[in-house]
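Before I ask anything, let me first share the structure, which is written out below as structure tokens.
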């Protein structure tokens, strides 16, 4: 009744058929339980219920069927334990319970079934030990216990099963060593012990199993050498020893295995040369020796492996060139030689047989051209030539490949133009050509490769526009065009790339504005548009990019305010807006960006308070500098912000101030003459009373003065870090942890016209200048006891001091010295050409060049500066703004 599409339950009435000898209900759709009264069929010899949908327990009543010879319940959904009284079936030859959901232990009573020939309990959930008395089953031909959860040792008693032909214990949790007496199983054809936790050596006794056809010991923790007498197993068809900890050499007599079809030794610690004797294995189809420590060259004898289809030698220490003879392997489908130290030319006719689908030679030292035979190798599926030193004009090296999925030729010395043929590869998903010397424009035909996921053309010399045909690349996930000379606008067609996650267009010549359509790329997590010529405002729609975690818009000409909508970018971790022309305050919405950990807003025109989140609080000074009016309690030296009221309070205050300014202007016009007459007398009297005058940062003059006096112990010499023509310089550590340099002037504020004029000249010049290579003035003070200037503190001091100390001078390599000269040139160019009237320093020396922590040079000491104008009391503001200005 097998194979009759029967369904439903097995009727319990079947137990009434007491004369029944054979019951076959296999290959049906029967469900439910096996009826217990099936145990009434005491004359039954064969019970075939396999390949149904039976569930529940195996009824213990089956143990009553003592005449049973064949019991096959496999391929069902039976659960529970194997009933121990199954050991009563002493006439049983075949017991198939595989591919169910049986659990618990293998009952030791199975050892009673001494007539058993085939025992298959595989693909269940059996656990515990393999019972030692399984060694009683001396007639056993097949023992399959694979794909369970068995643990413990392989019992040595298994060596008693001398009739055994097939033994598979794979995919369990068996541990410890392989018992040496497994070598007694001289009739064994198939031995599978793979995917366990076996350790120790491969017993040399395995060399006795001369009938062995398939040996799989892979995916264990076996160690030591491959036993040389494995070469005795001349009937072997497959040998799998991969993914262990085997060491030493590959025994040369492995070349005796002339019937070997597959040899897997990969992922071990095997060292030494590849024995040339492997070339004797003329039946070999699949040879995989990857991820070892093999060295030397690839044996030329490999050319004898005329049936070889798969050759994996990757991730070793092989050197020398690929033997030209490998061109003779016309059946080769997969050739994987990457991550070695191979050199020389790739064989010109590597695809001579036309069957090659996978070629991977990346991360070697290959030179010369790309093999010409690849152009017509139509079956190519995956090709990796990257990270070599290949030199070739790729304009016509490649053809059309209908099956090609992956092509990487990046980081070589390839040149020429990108072929339009790539657009005719309909299944291409990854194309990488980065880090070469490619020229010309991006062919619009690439837009026809509509399945492409990754396109990397970065770090070449490509010019022209991004083809608008890119709108058809709707499957694109990563696009890298950075490091080229591409120009024009960023095409609005990018808005159709809905799956795009990674976009890098940095270091090109893109101009115009950032298209707002980029805000529709909702899967984007990386966006880099830095080092271009992009202008206008940052589109507010970028705030919709809720998954973005990296944004770099630095080194452009962006202007206007930072959109408050950017505060919605909750996934953002890195934000770089530096070196632009952004203005206004940082939106308060940024305080919601709790994930932000890196921020750089330096060299803009930003002002106002910094958001109260750690990315800003902990930002070093260099990421905030070059702005004119930022404030906040941060690591960078910025003035504290005034206390804020509500927006309503601000409106009232601003209104009152506006009226006050207008009234003050009128008042000034009326009383200006009177004030001029009184000015000299009032100023003199103020100084006689020791009035403290602070400017620039609007600090509380008295408290600031007292803080400086306290921090320097009234300008004690121990805090002095330098002396100049007009004063001494002190390092001042504020109680807040901030550090500044204070220049105490030798002359006091006593009304002397010449000194007062010189003092004010220096203050005015420095207070107006904001340039990365000119020391910043934070504040100045005039007092009857002390007059001083408060400067930015630069950690490494003067260039003169550094050059005078041998150890520090050694740190100044040529690249750092060149950068110092460049910084000085930028500063002087700014003073000479961008200031109206120009400034001449008049005292440039290594003592007046200070270095910050990154060895960036800054010009200091304007004590002797003179403006090139006959009337040096008439001053004009420095060119540009308080942000960064190009020299």
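Glycine residues also receive a Cβ, built from the backbone N, Cα and C atoms like all the rest.
As the structure is a computational prediction, the values presented were derived from the model and not from experiment.
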Select from 606-628, 629-651, 652-674, 675-697 the stretch of residues annotated by TrEMBL as transmembrane segment.
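It is 652-674 that TrEMBL annotates as transmembrane segment.
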May I ask you to report the DSSP-based helix, strand or coil state of residue 744 (ATP binding site)?
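DSSP assigns residue 744 (ATP binding site) to strand.
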Within 10 angstroms of the C-beta of residue 744 (ATP binding site), what count of other C-beta atoms is obtained when all protein chains are considered?
18
Determine the mean pLDDT over the domain 'Protein kinase' (715-887), rounding to the nearest whole number.
70
